[in-house]
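According to Swiss-Prot, the protein has these features:
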type	residues	note
BINDING	107, 108, 109, 110, 111, 112, 113	ATP binding site
């Protein structure tokens, strides 16, 4: 973080300073990540109140506290009405001090892939900061912005949400030059209520654009009519591997089990791209990243080089060669209807006997059964050879697939999966489920067993 004094923060955050005025160059909300002299922000959540950990923060080396009430502790304290809001305001101030060119993105699925692709491209152009992991909520976005320093030329900020208004808040802190909605699908329906609710929440990202900013959206499933009032007269770019009239599209597509080759078509010209990631949906992700990067000046050569240097991310269609002719695709990090059906299409293009291993999709509310059935029907239409499921909801996937088996626990599923592997000369297995399903346990079991 750039250096700032407590007296400066008092003005920035409209707070009250008690104690000495010191200079700060680091901030944390986690007592496990304290650095000497840092500012400890005492956030209050539904299940915790970090004010209770102030003594621990002092013992760990914190130099000052950001609190919502005075504490009986010998440390300088900046007292504000709401530490969560103040944390965001501090991040917004840091963002305003740094001249880096900033882009932001959201979507129902593929956010992390697009973020990684965009960061890889912009890293060809200059020093690039990007969201670590999935720190994309109303706490994670400020954490990322606070890492900005004058050394950065670019920043790629991922915005997520599970309720209305969250992205409107985080994009107001981020102030991007360009903003992208990667796609829309049934995700977090418990918080949004419907796909229309998802669209409204994702469209909030465009409210943070300046008048000369660029709104970027997927031409295949955008919600343009509802977003038009938010976008106003700002420039709009559309991307799609399917729509030839899009601003960013792909031609000459050639898909293999290890990656994709295609010609990227853009408003400034075309370039041949080698994308070392499996799946047609990653072509759309690459188009999104190309558009987002080009909005802040990336060249075609930078786009080509950045995409070519990509590495697969564990848990996100990460290829694991169990043995010769035995390929495991670890897509266990998370799941919703959109990413599940995309994974089905990836598996459909893989060699040998194709097995889809699924856990539950979470946070779908009243639409849960219908969404799980939709994935099963997609597997059936794609010709997947076998579907194995585990969990409370995923039986709907295996049943709808017509080639499914459901298991009471992962141990039974893994036993069956090992038998299938032993029976097949060539096999590809794709493992996927929501974070709460912990399907990485299946992946680990197969890896530990080697050739099974």
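Even glycines carry a Cβ here, placed using N, Cα and C.
Remember, predicted model here, so these are calculated numbers, not experimental data.
Everything Swiss-Prot records as a feature, shown here on the structure.
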residue: 107; record: ATP binding site; contacts (Cβ under 8 Å, 6+ apart): 114, 180, 181, 182, 183, 184, 202, 218
residue: 110; record: ATP binding site; contacts (Cβ under 8 Å, 6+ apart): 182, 183, 281, 284, 285, 288, 338, 339, 342
residue: 111; record: ATP binding site; contacts (Cβ under 8 Å, 6+ apart): 105, 136, 158, 160, 182
residue: 112; record: ATP binding site; contacts (Cβ under 8 Å, 6+ apart): 134, 158, 313, 316
residue: 113; record: ATP binding site; contacts (Cβ under 8 Å, 6+ apart): 277, 282, 285, 313, 316
Notebook entry, point to check: For the ATP site given as 107, 108, 109, 110, 111, 112, 113, which other residues of the same chain have their Cβ within 8 Å of the site's Cβ centre?
Noted result: 114, 182, 183, 285, 339
Notebook entry, point to check: CB neighbours of residue 108 (ATP binding site) within 10 A?
Noted result: 24
